[in-house]
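Remarks on the structure that follows.
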Amino acid sequence: MPVELKRLTNRAWPAVLLIVLTLLSVLAMSGAVENSARFSRHYIWLLVFNTVVLLALSLLIAANLYWAVRQAKRQEPGARLTLHLVLLFILIALVPVSVVYFFSIRFLDQGIDSWFDVRIERALSDALDLGRGALTERMHDLQRQTRDAAEGLSGVSDLRLPVALVTLRARLQASEVAVFGADDHIIAASTDPPGRVVPNLPPADALRHYRRDHGYAGLEPEGGHRLQIRILMPIPAPPGSVEALQPPRMLQAVFQVPGRASELASQVQDTFDHYQELTFLRTPLKQSFVLTLSLVLLLSVLAAVWAALYSARRVVQPIRRLIDAIRRVAGGDLQAKLPLTRGDELGLVARSFNEMTARLLSGYEETERGRRQLERQRRYLQTVLEHLTSGVLTIDRNGVLRTANAAAEHILETTLDPFYGRRLADLGSHTQLIHGLYQAIAARLIEPADSWEQEVELFGENGRKILICRGARLPEQPGEGSIGGGSVIVFDDITALIRAQRDAAWGEVARRLAHEVRNPLTPIQLSAERLRRKLLPHVSAADARILERSTDTIVQQVESMKQLVNAFSEYARAPVMQLSEVDFNAAVAEVIELYGAHPGVSLTFAPTEAVGLLYADPGRLRQLLHNLLKNAVEAVRDKPLGEVHVETCVTQRADQPFVELRISDNGEGIPDTLRGQIFEPYVSGKTGGSGLGLAVVKKIVEEHNGLVWAEPRREGGTCLVVRLPRWRAAVGDA
Amino acid sequence: MSGLSVRAYLRGMAMALGLACTAWLLGAPPAHAESDRFSIVRAHAYQIYSVYYLDATARIPLDATLRGALTNGVSVVIAYDIRVVHTRGWWFDDTVATLTQRYRLRYHALSRRYLVDNLNTGISHSFSRLSEALDDIANLRRLPLLDQTLLTKGRHYQVDLKVRVDAGDYPLPLRVRAFLEGAWRPSSDWYRCPLN
């Protein structure tokens, strides 16, 4: 219901209708005040109607104002502007109207007062007295004539009386003469025009006067403007007659005041009456005018207030819509449109706003498309980078690390997350590899050349690494801060490649050496044995000892060389894997058994049950374990309390389960000069070693897709770690 | 600006704004003593041949306000509202005929007499005293009401009448005052007498 009411009060036509009706009504009232007979009769109802309409208009405006104030309190868009406009309009309307009203009332008051003057009143009163005096004089004259006539009628008999009255009326020029008896009954009468049945009877007050004063003369108004003079006179009875004892008869003579005199007297009378009435009605008259004027003022003010409200709302409505739409746009809704209902400047604003939002929308969509495309490209590049085996780093022009891929972290053996946003030059030496890398390529980064390539050799916890680095300058992007410029560094870990090349070369050397060396060894050995057998019986004892010792030396050395050649041959032999399920813990325990009785060395084994089965070549696995244990035992052989600790465990790296074998010793450890090379052939820290033991270990581990490395122990000695992939079936069983 | 102007200004505003309330509050005539009020003392309706006539006596006391107006040239119209009704016990009364008998009372300054015009017949009478003029108006004699043929036989009819000052005939400025103040438009209660 309030919504309906609000809609009704928001429309123009109810108020316009009310105002027009009231205006007509006020016009009618104004007509009524000016004595228009048509409206005069309905004056009161016009007044009531106007009051009711003005009350309705007031209510309408009050409701509108209430809503406007409420909207302003709620801080709805445009509400304050509406209120300001309304107040301004009201002020503009009210001030001149009030001034006009004020002065109108003043002029009205003074104007009406100016109608009245004591002198006019006196003049009118005097005129009335004058008229009255003139008529009174005439009346006295007629009274005298009538008295004479009455005396003339004394003694006239009733039979002659009518004729006498006719004569008398004619003589007196009266309109009517009549004779009344003692009880006021008519005896005879003569009227003009003749034939009037009942003569003009004297009124009661005239009779009263007559009886009291024995005569009566009075001026009497008739209907209209006519005046008549009535004279009552007793008809004296003849002296000595019988009638003298009775109350005298009464002669009535009625005279019409002549037309001109009557007219003038009536005019004076009317004017006097009118003036008297006006004087008496002065205050109510003023009130009537003030009332009409006040109604007109109220109507004007209320109409102005309503028009102010209506036009303020009309003016503010498009602005309110605009504010709403701007808020929506600010909130991210670019679909906001304004209705194009006006052809004025506000319509132009609405059209421009719609064009602006349309352009914003298309711009936004284009930007969004671009952003999505960039995002796709970024994800694409990210994926490519993440799956590159080459490490990629980008640094800006200040040498600050910006991005890196997973391969870079892998190669540099560290997590790079903490270093993003930091200058590579500021990184300490604890970040050994990345620090080393930066040191090696720092000079290149400030070169003007667009691209460069450099081989870098680094030493990390896992030994020596050889990286091949390629750098390229990133394009400058002016105006985008420090994002542009800088360099991209791509590097590959070619340690394994070089090592593989070296291993291949060594294998070839070993194969050729074995082939070339093994062939002459057997004839040498056989020749030496035949020399001893043929010559020993033929030589002296002293020579025989020399001969025996020499041939023994030859045979032993040849045997030694054969072993060496076999070892080389073994290293160079092409792998023929015979894979089967192997219980890793059991295999380790079995080999440890063989070394269990080694004097002076404490050998301990800590298996982890979860290790389970491996899919491996049992023979090669055994050789691997054998070589490692042998190496470890030999490392602690010279120590008074040699300890070798073997343990197995399971690790998880990048969703891939591995089995790890860790063989720790408390020996001298690996010299720094050899670290990183101990798995290369013919590198040995021991005197008399072939230098192939760990090379073979590495070869077997790689044949099983595993890794092997050496870690220096903090308490001294070395820990050799072998990491082999866990068998999938075993994983499933676990 | 004169004091009167200011007063008029304020009064005008107050009148315009408070008109409805004032009208409602003052619309009813103020209570007067019984002798001061207009009233019908007696009334008698009777039939002579086929015409019904009405005799009535009223009390028409004019107070000082109206007397003042009268002597200042304002004519006062006194009207009898008469209606013949068919009374129905089970429903509203049925008005058969209505009649308004109006007399204009005015003061004739030239002759210093009060003039009573019967506005229905046009006949005028003048009186030297106001009381006589009022007595003349207060006594209705043989006022023809209606013809017998207009009535249905066997039905019970009654005559209602009241006497009042007709405010509609005041000069316009007085009409607003009469609308607001009951003293300017005294009226009697309805008086009912049977139509014999």
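Cβ from N, Cα, C; glycine included.
What TrEMBL lists as transmembrane segment is A:12-32, A:44-69, A:81-103, A:289-312. Among the features that TrEMBL reports, domain 'HAMP' is placed at A:313-365. The domain 'PAS' feature in TrEMBL is assigned to A:377-422. The annotation domain 'Histidine kinase' is assigned in TrEMBL to A:512-728.
Using the rule of three or more Cβ pairs under 8 Å, pairs at least 6 apart in sequence, the transmembrane segment (A:12-32) is not in contact with the transmembrane segment (A:81-103).
The domain 'HAMP' (A:313-365): residue composition by secondary structure is 39 helix, 0 strand, 14 coil, according to DSSP. Non-local neighbours of the transmembrane segment (A:289-312) in the same chain are 12, 15, 19, 22-23, 26, 29-30, 33, 47, 50-51, 54, 57-58, 60-61, 64-65, 68, 81-82, 85-86, 88-90, 93-94, 97-98, 101, 104-105, 108, 112; each lies 6+ residues outside the stretch with a CB under 8 Å from one of its CB atoms.
For the domain 'Histidine kinase' (A:512-728), the model's pLDDT averages out at 81. For the domain 'PAS' (A:377-422), residue counts in helix, strand and coil come to 20 helix, 10 strand, 16 coil, using DSSP.
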